[in-house]
């Protein structure tokens, strides 16, 4: 395989010395970029973009043409797994993802089978291969999946939800059915991420977008337990390198100690967590990724730069920090402001790294 020209993202994940703090953005290939909107229009719709490996590759690389990012992330959607299970994913303008079929009963759960990524999601596997080839060693490629709990919420609700009423009804009234659903999803995530790794992903992230909606005990039983199972089932080394695993629970700051015990390489932090306190708690066990409020990108470039400086200072000296937003970049952000953010990370972080 082509050697990496820039491996600081992988080095920081392993808490090895770097010259500057690496940076990438969740949803860095997205609607804030005019070139993304043009490619999406050519694809016809969002699913047309996701299911075309060449176009998925094109939009994955677009932010790297604009910005000195330290990683690329596969362009896809977390809901590909339930779609592959036959639920019929579609998107309604202004309403987000929906499924033609929801999972509401024990019979619905029992009918689900663990996916076969090469057969059921060949467009994802082919997109990873295509992106990796086109990157040609420029930066590492991140693969990803949704967490079992997060996938389950969409499957049970039939789409997005504010209160997760149906999902919580199943969780509390039929916990054994919920566990069965989460188990088939965990097994599916394992084979899905391993397929991405074999196709060329050099690190993977598990997005637990809705873990923070759970109570303290329910989070451990219905979300964290399954992410720990996934981490244990992943390919640990590929192409002669360790394959780092990033766990990101939005709203999960109170569970960092338990998350660090899963065997994950790094934990994603949202912007409600104090990164200095997080490093003091778990920084000797895991790298940390985050955690600027995406809303700051609406402010002036000077204010963005100041906030980057604040977060770098809070993390402090040494490696083990991957700079990111605390959640995905939003569609209305000025691309120039995103550029100011990325440049500020590299400009201001060198002082915190004595070896490179």
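Cβ coordinates are placed from backbone N, Cα and C, and glycine is handled just like the others.
The Cβ of residue 77 (site 'Transition state stabilizer') lies under 8 Å from the Cβ of 46, 50, 89, 97, each on the same chain and at least six residues away in sequence. Taken from Swiss-Prot, the feature substrate binding site applies to 27, 28, 29, 30, 31, 77, 154, 209, 327.
Taken from Swiss-Prot, the feature site 'Transition state stabilizer' applies to 77, supported by sequence analysis. In the three-state DSSP scheme, residue 77 (site 'Transition state stabilizer') falls into the coil class.
Neighbour density around each Cβ, counted as other Cβ atoms within 10 Å, peaks among the binding-site residues 27, 31, 327 at 327. Other C-beta atoms found within 10 angstroms of the C-beta of residue 29 (substrate binding site) number 25, with every protein chain shown included.
The DSSP secondary structure for residue 154 (substrate binding site) is helix.
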